[in-house]
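Notes to accompany the following structure.
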Amino acid sequence: MFETAIAAITAREILDSRGRPTVEAEVELECGAIGLAQVPSGASTGSFEAHELRDGDAQRYGGKGVLKAVQNIQEQIKPHLLGSDALKQELIDRKMIGLDGSANKASLGANAILAVSLATAKAGAEALGLPLYRYLGGPLANLLPVPLMNVINGGAHADNNVDFQEFMIVPHGASSFREALRWGAEVFAALSKVLHDKGLLTGVGDEGGFAPNLPSNQAALDLLMTAIAKAGFKPGEEISLALDVAASEFYQDGQYSYDGAAHSPSELIDYLATLSEQYPIVSIEDGLQEDDWQHWQQLTSKIGHRVQLVGDDLFVTNPIRLDKGIKERAGNAILIKLNQIGSLTETLQTIDLATRNRYRSIISHRSGETEDTTIADLAVATRAGQIKTGSLCRSERVAKYNRLLRIEDELGAQAIYAGTIGMGPG
């Protein structure tokens, strides 16, 4: 038996950062190397995401349990993978996808497949004595991502009256990731004081950002501009802004409801264009509903030459959806969430498709996270140039930032911060 053969697979139900169950898998190889992976879960999910298998038993966790997914790993996936070479990642992922047999991993569950997929990769890296970013990315894995830091939460991520889901700061002007992280932390601290002085709540949402009640989306942007200046930075030059509109969340019957009124798609496009002129906004995610291809084209035509337009619900890390977007010129960037597609192999293929077509990739967390730091390594491995992993508090968010600090230290003089070369390829 060769040393990198899979000798054991175990799985268990654990809790994510919202106190909801999720799947953890452990893969052990013949050489003794072990890979451990935990799967995140989203709050605002795209309709076209791979299927997250939940138990539906109202007597446990309100039906959110994942014992079925755990059982599928133990009883179906494990027998098919024992003895397989962990270094043959694509073969292992294809085995699980074939075993599932459905179009969206509804049989075994994307959460079951992804947990084993990631644990296998980590075990393979451990067996070779390599950090995960080097194992996945090879010798060119040296680009540290610009963080898009979600410091004001709204929409489905917070219990407040703010329509847009995320208001982010982007410290692209820093000279290193370590400096970018410090800048973000200092703005976050300044924002806390600004909110406090205005008598606004400083409680945080799912992703660690503040979640105050505000009269408009524009009011949130004004707060960020004030905080950036208060922290001693130049808005637009050193630190810019980014939005996750999550427009599907407030779309109904062809209308978008925000700022207290219903608006047409054309009105929303004009609104986003105006905001991007009035504020130093470098990125807008999910500016329109996930299946409104026609208006996505219009938005891209109108401001895509100067603003990064990111498809999250639009593309759901799916190469088929991304290919359609490329052909129809909808958006110019894709958000990458491992659990939207459900395997490491398919995630890497989607990133490759984006890169070949000059679409930027932003590696992303989910609102329900764990202490797993895979996405930090993935961002460096793929040279994506950007990462979304929340605010500057809550340890499930900070864990990813701290992992990137360690990677930057490991790389030493080889490390390049993506902000110095324009936030990655595209």
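Each Cβ is built from the backbone N, Cα and C atoms, and glycine gets one as well.
Worth saying up front: this structure is predicted, and the values here are computed from it rather than measured.
Look at Swiss-Prot and you will find E207 tagged as active site, proton donor. Annotation comment: Swiss-Prot describes K337 as active site, proton acceptor, evidence class sequence analysis. The annotation (2R)-2-phosphoglycerate binding site is assigned in Swiss-Prot to Q165, K337, R366, S367, K388. What Swiss-Prot records for D244, E285, D312 is Mg(2+) binding site.
Overlay of Swiss-Prot annotations on the structure.
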| residue | record | Cβ neighbours (10 Å) |
| --- | --- | --- |
| Q165 | (2R)-2-phosphoglycerate binding site | 29 |
| E207 | active site, proton donor | 31 |
| D244 | Mg(2+) binding site | 28 |
| E285 | Mg(2+) binding site | 29 |
| D312 | Mg(2+) binding site | 29 |
| K337 | active site, proton acceptor | 25 |
| R366 | (2R)-2-phosphoglycerate binding site | 27 |
| S367 | (2R)-2-phosphoglycerate binding site | 24 |
| K388 | (2R)-2-phosphoglycerate binding site | 29 |
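Report note: the Mg(2+) site is defined by D244, E285, D312, and the residues of the same chain whose CB lies within 8 Å of the CB centroid of those residues, excluding them, are Q165, E166, L243, V245, A246, I284, D286, V310, D313, L335. Taking only the Cα positions, the spacing between E285 (Mg(2+) binding site) and the residue listed as 'active site, proton acceptor' is 13 angstrom.
Rounded to a whole number, the C-alpha distance linking K337 (active site, proton acceptor) with R366 ((2R)-2-phosphoglycerate binding site) is 7 angstrom. On the backbone, the CA of S367 ((2R)-2-phosphoglycerate binding site) and the CA of D312 (Mg(2+) binding site) stand 13 Å apart. Counting in whole angstrom, R366 ((2R)-2-phosphoglycerate binding site) lies 11 from D312 (Mg(2+) binding site) by their C-alpha atoms.
Counting only the Cα atoms, the space from Q165 ((2R)-2-phosphoglycerate binding site) to D312 (Mg(2+) binding site) is about 13 angstrom.
Spanning the residues Q165, K337, R366, S367, K388 that the record associates with binding (2R)-2-phosphoglycerate, the maximal Cα-Cα distance equals 17 Å.
Spacing of K388 ((2R)-2-phosphoglycerate binding site) relative to the residue listed as 'active site, proton donor' is 10 Å (Cα to Cα, whole number).
Cα-Cα distance from D312 (Mg(2+) binding site) to the residue listed as 'active site, proton donor': 17 Å (rounded to the nearest whole number).
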